[in-house]
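Copied from Swiss-Prot, the annotated features are:
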- 1-21: signal peptide (SIGNAL)
- Ser66: active site, acyl-ester intermediate (ACT_SITE)
- Cys73-Cys119: disulfide bond (DISULFID)
- Glu164: active site, proton acceptor (ACT_SITE)
- Lys230, Thr231, Gly232: substrate binding site (BINDING)
Amino acid sequence: MRYIRLCIISLLATLPLAVHASPQPLEQIKQSESQLSGSVGMIEMDLASGRTLTAWRADERFPMMSTFKVVLCGAVLARVDAGDEQLERKIHYRQQDLVDYSPVSEKHLADGMTVGELCAAAITMSDNSAANLLLATVGGPAGLTAFLRQIGDNVTRLDRWETELNEALPGDARDTTTPASMAATLRKLLTSQRLSARSQRQLLQWMVDDRVAGPLIRSVLPAGWFIADKTGAAERGARGIVALLGPNNKAERIVVIYLRDTPASMAERNQQIAGIGAALIEHWQR
């Protein structure tokens, strides 16, 4: 009988670990900062109401990296809605227009790409030349920043083109945002009248089709969960993701996670972001 009681006690002692294998989100973020020897910025926002559910360094500046490409394509779609652009318009470019990491655009030097194809390449494959070609259509970095101001984002700024914008110097405000500002801007693009319903669906679909985000939150996503995302990476340990997430294949919340100033490898950075994502998912109903 004593042996049975000891077995039951031992089993009960393991139950909390089985129920909650991941720490609470803020505890996970603190652990990640310690393990990365860097800074983590994060916000979890309810998509419908805009209410902040979890935040850590949410008002501190972090390099945007390639996450800016979602906002860029939002600006392109706003021009489409206004009748100033067409997704079917073909853009031709030359070899000298290509920059590092252009896996899609480098294959279309002969025939060019449509505006819609460039947006798909910029978001789903993070094609840098596609982003630069699109930036030119909205007035460059200054034009994109002006668009952000027009929709009420007074924080996010783009100052340079790909690939210089990924320098990520400590304390440099250029090409930065805050988790809170990025989440609010993404919510405006996807839920307000800043974009037509058709353009909102298109922007979201490009994020659903992201093909370079596998090692991050997608790696810990349970079956039946929805995700649409865009990642970014830069020098000096910068890494980031903007995502829409939710169970029952429904986008319920916006999650923005940025890392900066860490000596960690790319694999380690990916692992920490995945860990934060796992904590959010496990404690979704907190």
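Here the Cβ of each residue, glycine as well, is placed from N, Cα and C on the backbone.
Known features from Swiss-Prot, placed on the structure.
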{"residue": "Ser66", "record": "active site, acyl-ester intermediate", "DSSP class": "helix"}
{"residue": "Cys73", "record": "disulfide bond", "DSSP class": "helix"}
{"residue": "Cys119", "record": "disulfide bond", "DSSP class": "helix"}
{"residue": "Glu164", "record": "active site, proton acceptor", "DSSP class": "helix"}
{"residue": "Lys230", "record": "substrate binding site", "DSSP class": "strand"}
Practice problem: Compute the centroid of the Cβ atoms of Lys230, Thr231, Gly232, then list the same-chain residues not in that set whose Cβ lies within 8 Å of it, in sequence order, for the substrate site. | Solution: Met65, Ser66, Thr67, Lys69, Val70, Ser126, Asp210, Val212, Ala213, Asp229, Ala233, Gly240, Ile241, Val242
Self-check item: Length of the line joining the Cα atoms of Ser66 (active site, acyl-ester intermediate) and Gly232 (substrate binding site), in Å
Solution: 4
Practice problem: For the residue listed as 'active site, acyl-ester intermediate', just count the other CB atoms lying within 10 A of its CB, please. | Solution: 28
Quiz item: Of the recorded positions Glu164, Lys230, Thr231, which sits closest to Cys73 (disulfide bond) by Cα distance?
Solution: Lys230
Exercise. Please name which of the recorded positions listed here, Cys119, Lys230, Thr231, Gly232, is nearest in space to the residue listed as 'active site, proton acceptor', Cα against Cα.
Key: Gly232
